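Contents: one structure, followed by commentary.
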């Protein structure tokens, strides 16, 4: 095989086959050097990581004796290698072999890990820090206290912030392993230091892991140490840190001790939250808006009405669309606490105010949230409070609003069903067909295009189609050619009888219209692939001729 590959590589000049030949040659060599060990030392990080992953899996297949004879020597070679690449790979292998080797070998493994934690190369120390928590989980508790804590403290004080932030991750694992009485002396000094680290990346990691740290250290330390630390992170000078902390507000508050949870939130957390509502960074405000509604279930009805609703109102009017969306997306949390009536009296007026804003882009943003809002409030409340608003958007003076309002109706029908549409939406839409403003009459056609599929064949055929056909006599050419386009759009929804007896004659008439655009779109509808098979199932010489003419023109175009 090797010879064949070599010949192929030589004959075709295909260098891609050469490494395969080399690998086969290495495997046949009497001087055995495990391939995965070699791959674990290469420069490419992806290759090294995959090699380590494979070695970890292979270690599980070894017996304790084989681990000491074959696998543990490999780990030692990697750990003492000249190149930093081999030493970084070794960091990921200590934890898989430690539990199943003898006490003597365990001591050697601990010593190798200690050495790598103080390696001269930052990349090796980073690798060691990233595996510190994993290694701690397989060590005996005495060695966690004597070895791991000192390594954790050293790595958390490393000159490289990329090492220090990885030590924060390890802190979660270490804290879960230690008895409660040891946490204050062994872990908290280092954690306090990390929460005030000069590097924002380290503080960000503390904020990002805060909920996990809170669960690991328990309620007493949370109350005494983590609450002040969390306040500082919410007030951090770096927006990235404030955003990470803001994202943990709800989870942190949920995990506070129940006996004084409300007092801690109202006294220490809520003042910081109020400041973040008007933060200068939109990512901070957006992160807060995604969780702040959840505080209502924790603080109860009275506190929500008095303290939280003003904050929700402020965020609903925020200039950042994502902030507004995050508030509207979580209205159901508040609804559960204060009830739909209270919600309608407080937040909905603000939503309606935004929906009628002079800036069309603000109106557009509210339209896009309406289906989501409707789903949370329910059909009865929607009909009472918001239906009129949705219909008003259909006659807005800005086309983008009318277009978005049409899409909004389609989504509402998909959410509330065809029967609701038939009783509530369709009559109002069809009534616009008689509007003096031709733009509004065209909106009727656009709505029919959007609603036909969601409403189904019966409603489309019996209620919508007659209106479309009647509008084919409209005095405005733009309306007439949109009739042709609508007939093509709704054609697939209609039955064959309606196509033959009602649609076909109207399209034939429009195809001879005096306006060139009307004629063009009518001919396009006739030749369109959606309804052509049904339209031309009968034998009509003139219509076939018109079809052929249209096809020729399309080819020329």
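Heads up, the Cβ atoms here are built off N, Cα and C, so glycines get one too.
What TrEMBL records for this protein:
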DOMAIN    103-213  domain 'Phosphatase 2A Regulatory Subunit A helical'
REPEAT    109-147  repeat 'HEAT'
REPEAT    148-186  repeat 'HEAT'
REPEAT    187-225  repeat 'HEAT'
REPEAT    226-263  repeat 'HEAT'
REPEAT    269-307  repeat 'HEAT'
REPEAT    308-346  repeat 'HEAT'
REPEAT    347-385  repeat 'HEAT'
REPEAT    425-463  repeat 'HEAT'
REPEAT    464-502  repeat 'HEAT'
Counts by DSSP class (helix H/G/I, strand E/B, coil) across the repeat 'HEAT' (226-263): 29 helix, 0 strand, 9 coil
Cβ-Cβ under 8 Å with the repeat 'HEAT' (148-186): same-chain residues at least 6 beyond its ends: 113-114, 117-118, 122, 125-126, 128-130, 132-137, 139, 141, 193-194, 197, 199, 201-202, 204-206, 209, 212-213, 216-218, 220-221
Secondary structure composition of the repeat 'HEAT' (109-147) [DSSP: H/G/I, E/B, coil]: 32 helix, 0 strand, 7 coil
Rounded mean pLDDT for the residues that make up the repeat 'HEAT' (464-502): 91
Secondary structure content of the repeat 'HEAT' (425-463), with strand meaning DSSP E or B: 35 helix, 0 strand, 4 coil
Touch test for the repeat 'HEAT' (226-263) and the repeat 'HEAT' (109-147), at least 3 Cβ pairs under 8 Å: no
Helix-strand-coil residue split for the repeat 'HEAT' (187-225), DSSP-based: 32 helix, 0 strand, 7 coil
Secondary structure tally of the repeat 'HEAT' (464-502) (DSSP, helix then strand then coil): 34 helix, 0 strand, 5 coil
